[in-house]
Every structure is written in structure tokens, then in C-alpha cells.
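If you look up TrEMBL, you'll see 253 marked as active site, proton acceptor. Per TrEMBL, substrate binding site is recorded for 12, 13, 14, 40, 41, 42, 43, 44, 140, 253. Annotated ATP binding site per TrEMBL: 185, 221, 222, 223, 224, 225, 226, 252, 253, in sequence order. Sequence annotations record features per position, and here TrEMBL assigns K(+) binding site to 247, 249, 283, 286, 288, 292. Taken from TrEMBL, the feature domain 'Carbohydrate kinase PfkB' covers 3-295.
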Ligand code: RIB
């Protein structure tokens, strides 16, 4: 049986435009294309873990609209267990995304149904959490729910991963003791630690601070620079495979899902990080959130250029 990954988080329909550059305030740009693509950090991480070898259950909420049906259908198509994906009387979460010619993006999300994922819903699906090997949370659902899920995961003795995305402020101090792996990007690591993070050396200082705050281990993702691992005893830098980027949307989600799937399958931390990085590198060579996420054979066949 493949190892079991449970993802607790958001499902969003991504409304994606491509434009030569990101618009400035008050400016109208002529876009080049538009697409409606299944996304949401939680759902993307669930799809990544499933395509990369894990058995996956999703815990989340969609709206009673056509997007909700499509978001659920996208997960079912990946054989992801959706018994804990509830349909609520609201609009589904949406993300308005602009991707520019340099493959950078800007995103505005509207939570919609994701806001209905309360701690009580987590308790209702406790059996799903009990069956997990690894539990992953992000920050696109209410903070009270994330804190509750992290602590329940810790109580159950599961491996608990928090991808604190999006984060613009420190996390509640009492969450840290429940986190085995904290996986922020540079700006999230900066928001959480209160320190600048723009070089490998500043990333090390921030990671040390996050461990002092109580996180078990920290992996700061550094985009094309790879990632920095810290466990309180040592730091290790993992350079990223070099690829030609088309769209970085969901690269972080692909790393988190791939890392979780590999860790749950028994790989070492170092191998799980390298595996997640190859998956994330492949994802940036393709457009969109879930459509960009590679499969296990894609990762196994990858050869660094
Ligand atoms: O991480 C990428 C995701 O962020 C997109 O799919 C979008 O839905 C936003 O949540």
C-alpha cells in the first residue's frame, strides 16, 4: 500500500491571464490569454502528492457552484479520496492570477467556501486524520482550523508539515511545537521570523530563529536557488535543477506535495528534498497550477540539462 498523505486546505478555481508584465496600480494592460484552471494551495499539494506516488485524502470545502463540481472532479480524476471535501452554500474559492513574460505571477485570492473549513469540520473527519502517515496544512483556510489540525496531527503522532503560504505576519506561537517540517518561501520565512531573507546566509539566520521558536525542522524554498534545510544542528543547501521557466504557479505546492509523498514512502529527508525539487523544477516548465504538476515517471525520467 502506498503511504497515506492527508492534505487539509484550500481548493480554488484559478482565473489566469498572461500579460507582458504585471499591471501597476490604476493601469489597464492588454492580456495575451485567459484560462480557467483548477488550483488552490491545498488541492495543488494533494494532486502533487498523488501524482508523485502517495495515497491521498483531501479535507476541504467547495461551493455549491460549477467551480465546486469541477474542483472536486479534478481531485477524483487523480484518485484522491474526497469523502472529506464538503459542498457548502457559498461560492467556491477563486484566485485571480496574472503571469508575465518573465514567468512571474501576482495572485489575489477570495476564500469563499474555503472559509467554511472550521475546526468542527476537522473533528467530523477525524478518522481521515487518524489514517494518515503525513498531514499537510497551508494558510488559505481559517487560522483557527490550521492551528486545530496541526495540534490534532501532533496528538495523533503523525508527521506534520506546515507550508505557511500565504503568510504576511508571524504565526501563533503555540503552533510551532506541533510542526515537524515548516516549509516557507523566502518572503514567508521573513514574515514569520521578522528577519530579512534574501541570501543563503540570511535564510540560515531566519531558519535558526524559526527552530528557536519551536519548529522541528525548517526547509526554506529559494526559487531557482533551491532550498535550505535546517534541523537545529546543521544547515544544508540543496541547489535547484536548472530549467527554463514558463510559469512558477504551484511550484512551491509541487515541492511540498512531492517532499511529503517521498518522505511518506520512506525516503531520507535529503532524498525527499531532491525529489521535491525535481518535481517543482518540472512544474515551472509548464503553465497553470494542477496541469503543471508532473507524475512519478516524469520525475524518474528527469535528467538535468
Ligand atoms: O500556489 C498556487 C496557488 O495559489 C494557486 O493555484 C491559487 O489558487 C493560489 O491559491
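Positions of Cβ are set from backbone N, Cα and C atoms, glycine also.
Where the annotation comes from TrEMBL, it is an automatic prediction and has not been curated.
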Select, from 12, 14, 41, 253, 283, each of the recorded positions with a Cβ positioned under 6 A from at least one atom of ligand 1; if none does, say none.
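What lies within reach of ligand 1, judged by Cβ under 6 Å, is 12, 14, 41, 253.
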What whole-number Å value do you get for the CA-CA distance of residue 12 (substrate binding site) and residue 224 (ATP binding site)?
26
Just name the most isolated of the binding-site residues 12, 185, 249, 292, going by other Cβ atoms within 10 Å of its Cβ.
185
If you count other C-beta atoms within 10 angstroms, which of the binding-site residues 43, 222 is the most crowded?
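Ranked by Cβ atoms within 10 Å, first place goes to 43.
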Relative to the Cβ position of residue 226 (ATP binding site), how many further Cβ atoms are located within 10 Å?
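20, counting other Cβ atoms within 10 Å of residue 226 (ATP binding site).
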Closest of the recorded positions to residue 41 (substrate binding site), Cα to Cα, picking from 185, 247, 253, 283?
253
Per 10 Å Cβ neighbour count, which of the recorded positions 14, 253 ranks highest?
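Per the Cβ count, the most surrounded site is 253.
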Which of the binding-site residues listed here (14, 247, 288, 292) have a Cα atom within 10 Å of the Cα of the residue listed as 'active site, proton acceptor'?
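So the list is empty; none.
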How big is the Cα-to-Cα gap, in Å, between residue 286 (K(+) binding site) and residue 14 (substrate binding site)?
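The separation of the Cα atoms works out to 15 Å.
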Out of 41, 286, which has the highest number of nearby Cβ atoms, where nearby means within 10 Å of its Cβ, if these are the binding-site residues?
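Its Cβ has the most other Cβ atoms within 10 Å: 41.
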So what sits near residue 140 (substrate binding site) in its own chain, CB-to-CB under 8 Å and at least six residues off in sequence?
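Sequence-distant Cβ neighbours: 9, 10, 12, 40, 41, 42, 93, 109, 111, 114, 165, 166.
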Neighbours of the K(+) site 247, 249, 283, 286, 288, 292: Cβ within 8 Å of the Cβ centroid, same chain, sequence order.
246, 248, 250, 251, 284, 285, 287, 289, 291, 293
If you run the three-state DSSP split on residue 286 (K(+) binding site), which class comes out?
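Note: residue 286 (K(+) binding site) is coil by DSSP, not helix or strand.
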Sequence order is fine: just name those binding-site residues in 14, 185, 224 with a Cα within 10 angstroms of residue 288 (K(+) binding site).
14
